[in-house]
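Encoded as structure tokens, the structure appears first; notes follow it.
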Amino acid sequence: MLEKVETFDMNRVIDEFDEMTRNAHQVQKQTLKEILLKNQSAIYLQNCGLNGNATDPEEAFKSMVPLVTDVELEPYIKRMVDGDTSPILTGHPVPAISLSSGTSQGRPKFIPFTDELMENTLQLFRTAFAFRNRDFPIDDNGKALQFIFSSKQYISTGGVPVGTATTNVYRNPNFKAGMKSITSPSCSPDEVIFSPDVHQALYCHLLSGILFRDQVQYVFAVFAHGLVHAFRTFEQVWEEIVTDIKDGVLSNRITVPSVRTAMSKLLTPNPELAETIRTKCMSLSNWYGLIPALFPNAKYVYGIMTGSMEPYVPKLRHYAGDLPLVSHDYGSSEGWIAANVTPRLSPEEATFAVIPNLGYFEFLPVSETGEGEEKPVGLTQVKIGEEYEVVITNYAGLYRYRLGDVVKVIGFYNNTPQLKFICRRNLILSINIDKNTERDLQLSVESAAKRLSEEKIEVIDFSSYIDVSTDPGHYAIFWEISGETNEDVLQDCCNCLDRAFIDAGYVSSRKCKTIGALELRVVAKGTFRKIQEHFLGLGSSAGQFKMPRCVKPSNAKVLQILCENVVSSYFSTAF
């Protein structure tokens, strides 16, 4: 998504955003009014008692339409997937259905995808780019190294196209037209982006980037995991890539005919470039600064680096060297929410300003005790320093939909809140009175990984599970690590993991033995890649994949993969 600066009025886009955010309250009321007008014939809204005649549509909406999750909407969306063209959630048939990654619950969710969501995507890309390009100007004639993988759509039994959200965006006929004035070419041919084989596509993305190395302005993947995975793969295949460049002949590993044809057109024998890449790679110390070494004119590295992606940031920073890491914007399969308008902030500090016309937003206060539930507040009513669950209403038939994301209000951009992603609300480790979030798990792993780093070893990936097969139940943490070390070190890591969970309920439960000793389970190399392959087989896009941090019992296949690949385990002696 590299944009051509000469045809893009950066200042106008920023001015429009400033105007909209100054009037955030009015924009929210108008957005809800338009959503309800557009979908007034929807059966769901009529069942709630909305008939379009309310004198105050906003108050009527909030009093008559309940807060829901995907569970309540699933029967309605299933009818749409099955081909029911009546106005179920929207006033008109939806052109496609999106699949979520499915990593949280072990199964993908179906989510309506409409032309309005496509327009929202284009608006957010324009807004975010304006602020990004103001801080990190790019060359008009540059290219982007984008690790994009657009999986296939399939047609449901009811005749509706179904694909991941990213696939629905990239395959939408309006995408290229809408991005034309703000897009410079990707290094990779379309045949690579739409390849049915993600492994071959990744190899070709890397090769394409190096062929155009001097033109690359930034490096992008939707998620930080995708960037780290790409350059870990490069460590393994770089010599093969160098040979391809030297001889001008594509590796035999590329067997998809369309991909092979497209890539072969880019390749001619280039011994000089091959030797340059070989020299660069051989001169690096443990691959530090790999990205700027390969792409000397790159301005930054770009992708989602918050939330469940935060554990990958240290490794990504290692590859990026001195290049800035810029956090991608805030959204989900259900729709976009906010843009990064402060791109110079590090991923750890990144905040996102809500774009008031992307949907109607409410925020459900998160109770520290978890007892009772307060009423949601509006976009401009949130308070700095408080945490909320995001509730979204959009044009695609989601009404007062609890997103499950917990965010913290860091400040305001004019009158729209700037949010920091905290965690997924339902990803909580809990056995007794303990409550540990995804963020708590990340902090625990980061703390224990410091002991491992003393041995020049790193945590490649991790997940967790509540093991209640023992009495009392206990936390099981799965680690895949980059090398071998002695048992004493791993025992230290296990104890450190246990001590790092500082939730009062957990500590007291451990001390009185109502929660058992934490277990560290080390798995074989490649285990987490097997998990990714599992989700790709379910229809997830490689670019959309997120590793499940807390494996639920319903996620039986993932748990099976983890347990079958355990090579050693350790029980904490910290308490």
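Quick reminder: no glycine exception, Cβ is built from N, Cα and C everywhere.
The ATP binding site feature in Swiss-Prot is assigned to Ser98, Met118, Thr121, Gly163, Asn168, Gly331, Ser332, Ser333, Glu334, Gly335, Trp336, Lys557; the stated evidence is experimental evidence. A C-beta separation below 8 Å, combined with a sequence spacing of at least six in one chain, links Gly331 (jasmonate binding site) to Leu124, Ile337, Ala338.
The annotation jasmonate binding site is assigned in Swiss-Prot to Ser101, His328, Asp329, Tyr330, Gly331. Here the Cβ of His328 (jasmonate binding site) has 24 other Cβ atoms within 10 Å, regardless of which shown protein chain they belong to. Taken residue by residue with DSSP, His328 (jasmonate binding site) is part of neither helix nor strand, so it is coil.
Per Swiss-Prot, L-alpha-amino acid binding site is recorded for Thr166, Thr167, Asn168, Val169, Tyr170, Lys530, Ile531, Gln532, Glu533, His534, and the stated evidence type is experimental evidence. Around the Cβ of Thr166 (L-alpha-amino acid binding site), a 10 Å sphere holds 22 further Cβ atoms from the protein chains shown.
Remote same-chain partners of the coiled coil (10-30), defined as residues 6 or more beyond its termini with a Cβ less than 8 Å from a stretch Cβ, comprise 58, 126-127, 129-131, 133-134, 339, 341, 353-357, 360-361, 378-380, 413-416. Residues annotated as coiled coil in Swiss-Prot, with sequence analysis given as evidence: 10-30.
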How many other Cβ atoms are found within 10 Å of the Cβ atom of Ser332 (ATP binding site), counting all protein chains shown? 17
When a 10 Å sphere is centred on the Cβ of Thr121 (ATP binding site), how many other Cβ atoms does it contain? 24
Here's one to test understanding: among the binding-site residues Thr166, Tyr170, His328, Ile531, whose C-alpha is closest in space to the C-alpha of Glu334 (ATP binding site)? Thr166
Would you report the average pLDDT that the model assigns to the coiled coil (10-30)? 94
CA-CA within 10 A of Trp336 (ATP binding site), subset of binding-site residues Thr166, Tyr170, His328, Ile531, Glu533 in residue order, equals none
In DSSP terms, helix, strand or coil for Trp336 (ATP binding site)? strand
Site extent for ATP (largest Cα pair distance over Ser98, Met118, Thr121, Gly163, Asn168, Gly331, Ser332, Ser333, Glu334, Gly335, Trp336, Lys557, Å): 33
